[in-house]
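Below is one structure, written out as structure tokens; the observations come after it.
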């Protein structure tokens with residue numbers, strides 16, 4: 001018979017009756033432990049609200065509790081199918097309108113079960129619009145009479161109303177959610193003046209000016225016009241209108257200053273936004289000059305602001321050769337804001353370069369001259385144009401081009417950029433690859449807002465600097481299209497076939513910013529295959545015909561369906577159906593913030609042979 005004794009902290013000891021007592025010490029002990037916790041079900045994604053300014057690009061990602069069996073989805077707005085939405089997990093709406101606000105969700109079309117995502121409530125915000133066709137209202141009023149001035153505006157969020165007269169704010173007034181009223185009873189001469197109503201919210205403002213003039217007793221009450229001395233009255237009215245209009249302008253200007261100061265204060269705590277981008281546009285006169293003459297007809301006289309004396313530039317060694325030019329490492333003395341010697345990159349053309357290739361290099365310089373410094377665009381320091389071979393001096397990126405960086409991280413020698421003194425990291429993570437893609441989209445968003453079309457966006461034309469920061473470079477094929485949104489290819493030249501958008505390979509050869517989006521999709525393929533060759537196993541001469549027939553690169557099995565869907569969005573045949581860089585930047589940034597999701601199986605990738613046997617054949621005439 002078993003008997004048990006419970007001993008604290010030692011489990012349970014059993015003794016068998018009938019055995020000698022001394023055998024108890026040779027008994028056995030059973031230890032107990034709490035049962036393992038039952039698996040918890042991850043929380044369901046919650047409904048969220050997204051605020052977006054009217055005219056911006058909306059992007060929504062399907063949010064499922066687990067990865068569906070199929071990547072094909074349908075999109076619903078207010079529970080009604082969206083006819084023009086694609087079958088991918090990403091919904092892009094360019095130049096969104098207020099009528100497109102609503103509740104959006106997606107439903108996966110899986111063979112065995114359909115999964116429905118939670119709602120994304122889209123709130124489209126927009127600046128106030130005062131509901132008056134005439135923003136300068138003239139009123140004649142008898143001294144002592146009263147009139148109610150009303151100001152109604154349409155806005156989201158609801159506007160705040162402020163009344164001004166002669167530059168001073170009026171504290172009186174009644175307010176509703178979308179309107180404001182002010183009762184005016186002119187008694188003194190100073191009461192016959194202008195009254196300005198300003199409706200504003202965080203997006204913008206609108207205003208209307210009421211000009212209250214005294215009505216003479218002998219005036220016709222029906223017309224408000226004097227029976228006699230019409231010429232004199234007209235002259236008086238003209239002077240009055242001029243004065244009141246000037247007061248209104250001063251009032252609005254004062255309001256703008258106040259609003260700008262408040263906005264700057266708020267902006268110090270926020271990320272750099274589109275408003276800042278719009279404030280830093282290229283000077284229109286300089287940009288228009290570039291457009292009128294065309295890139296290949298530009299002459300480049302010495303520019304004292306950018307010219308570096310040749311004696312202050314020491315070119316040390318060649319660190320890279322590309323299809324069109326040479327990149328060297330050098331030292332520059334006493335650059336603006338950088339006393340002493342600064343390590344720089346010096347770009348030049350090959351010894352046998354044609355005049356056109358020299359102009360391409362100088363064209364890149366002209367583009368960089370008109371750009372403000374940006375963390376993800378290479379910075380111009382200056383140039384040397386006094387020699388037969390022009391030199392363009394830019395910031396030095398110690399890790400070289402991104403393609404080489406990716407391939408070197410896998411132990412593969414790079415053919416574009418070589419600097420034996422600097423080696424890249426060999427422990428790239430999925431998040432690091434995502435950051436590369438986000439940084440490039442951020443730089444391209446900056447360029448596109450300045451109407452710059454790159455035309456040769458590829459991993460080889462992105463440099464990697466300190467702290468693994470990507471910087472877009474090689475603007476030799478870029479065009480400034482400030483006055484026009486497309487560049488039409490009117491000359492025959494070498495094209496980067498594997499990176500060039502379908503509409504630029506055939507048809508009228510038109511390039512737009514959306515053509516750069518196509519190229520960005522190919523860059524994503526390069527990044528997430530860690531230096532893989534686009535269109536593996538496909539002869540380059542066959543690519544245009546394949547693209548025309550709807551062919552697209554297949555998904556590498558170690559790349560998630562989510563990433564591949566983004567690439568496919570970039571490769572849509574119709575340019576306007578592709579996302580813009582603002583939407584891509586926002587989407588990739590949100591993916592970086594997702595700490596749990598791994599978008600690339602790097603362990604599996606490193607067993608795959610995705611690298612090309614040769615780097616030749618990337619360009620074709």
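In case you wondered, yes, glycine gets a Cβ from its N, Cα and C as well.
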Open item on the list: Looking at 18-45, 46-73, I want to know which stretch TrEMBL calls region 'Disordered'.
Closed with: 18-45
Open item on the list: Check the DSSP secondary structure of residue 461 (Mg(2+) binding site), expressed as helix, strand or coil.
Closed with: helix
Task: Whole-number mean of pLDDT values that fall within the domain 'Ig-like' (128-213) - done: 90
Open item on the list: Quick check for the class: what is the C-alpha distance, in angstrom and rounded, between residue 326 (ATP binding site) and residue 599 (site 'Important for interaction with phosphotyrosine-binding proteins')?
Closed with: 36
Open item on the list: Can you check which residue among the recorded positions 395, 456, 474 has the largest number of Cβ atoms within 10 Å of its own?
Closed with: 474
- [ ] List, in sequence order, those recorded positions among 320, 395, 456, 599 whose Cα sits within 10 Å of the Cα of residue 474 (Mg(2+) binding site).
- [x] 456
- [ ] By DSSP assignment, list the helix, strand and coil residue numbers for the domain 'Ig-like' (128-213), in that order.
- [x] 3 helix, 52 strand, 31 coil
Task: Inter-residue C-alpha distance, residue 395 (ATP binding site) and residue 461 (Mg(2+) binding site) (nearest angstrom) - done: 14
